[in-house]
Amino acid sequence: MTVRKVVATAVLVALVSLVLNNAAAFTPNWVYQTLEDGRRRSVGLWWACWLVERPRGAPGPGARPGPADVRDCEALGWGSEAAGFQESRGTVKLQFDMMRACNLVATAALAAGQLTFVLGLTGLPLLSPDAQCWEEAMAAAFQLASFVLVIGLVTFYRIGPYTSLSWSCYLNIGACLLATLAAAMLIWNVLHRREDCTAPRVIVISRSLTARFRRGLDNDYVESPC
């Protein structure tokens, strides 16, 4: 039993979205913050690291690498106010808490879509590739991931003067777009199949309607391609 190319492509796109979503979540590069004293740090959903500028030139003889050569990172969690720092702590805390929740829900939804695809390949009755609910379940999961990522990303439309968005945020935007594309491909495939199969499986042709036009017609029905 072959799987449609559109479905396989959509699942592959969703898999890339899942990888990008997790990469954006666990890298401390969601935003950059600059303090008044000139120090800078990168803040992610779960980590915040100080950006240490190494002095130019080679170290002297016998010098040992100190703490300044290592990124000083701290873990962040739910309700952490350390992400705000010089910005409004309440606003930044809400932004990161919302994004953490949306990121986790999107990860679960994308993983559920991948699991649905794998279970369908095993030949389960309710999730077989011939059943429409198989594609609809995957489309719903990918659309949910896209929806919650949009909600989380919208919270960062306004940031403080000491903060600038970094590449992890744009990586998550790419994950959101790919999840939307995967859902759109599956929805298009489901609607296209329904348009092809809107007619009943058996079309009954009355003899009285066709007798005057085709005298030699002996068939009582014609099967549709669906």
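Positions of Cβ are set from backbone N, Cα and C atoms, glycine also.
The topological domain 'Cytoplasmic' annotation in Swiss-Prot covers 1-5 (among others) and is backed by sequence analysis.
Swiss-Prot lists 6-26 (among others) with the feature transmembrane segment, giving sequence analysis as the kind of evidence.
Positions annotated as topological domain 'Extracellular' by Swiss-Prot, on the basis of sequence analysis: 27-103 (among others).
Residues or ranges marked as transmembrane segment by Swiss-Prot: 104-124 (among others). Listed by sequence, the residues of this chain that lie at least six past the ends of the transmembrane segment (104-124) yet keep a Cβ under 8 A from its Cβ atoms are 1, 3, 7, 11, 14-15, 17-18, 21-22, 25, 134, 137-138, 141-142, 144-146, 148-149, 152, 175-176, 179, 182.
Feature annotation from Swiss-Prot assigns topological domain 'Cytoplasmic' to 125-136 (among others); the stated evidence is sequence analysis.
Non-local neighbours of the transmembrane segment (137-157) in the same chain are 7, 10-11, 14, 17, 21, 31, 94-95, 98-99, 101-103, 105-107, 109-110, 112-113, 116-117, 127, 165, 169, 172-173, 175-176, 179-180, 182-183, 186-187, 190; each lies 6+ residues outside the stretch with a CB under 8 Å from one of its CB atoms. Annotated transmembrane segment per Swiss-Prot: 137-157 (among others), in sequence order.
Feature annotation from Swiss-Prot assigns topological domain 'Extracellular' to 158-170 (among others).
Residues or ranges marked as transmembrane segment by Swiss-Prot: 171-191 (among others).
Residues annotated as topological domain 'Cytoplasmic' in Swiss-Prot, with sequence analysis given as evidence: 192-226 (among others).
Secondary structure of the topological domain 'Extracellular' (158-170), assigned with DSSP and counted as helix (H, G, I), strand (E, B) and coil, comes to 4 helix, 3 strand, 6 coil. Nonlocal intrachain contacts for the transmembrane segment (171-191), taken as residues 6+ away from its ends with a CB within less than 8 angstroms of a stretch CB, comprise 4, 6-7, 9-11, 13-14, 16-18, 20-21, 23-25, 27, 103, 106, 110, 113, 132, 135-136, 138-140, 142-143, 145-146, 149-150, 152-153. Confidence annotation: the topological domain 'Cytoplasmic' (1-5) carries a mean pLDDT of 59 in the model.
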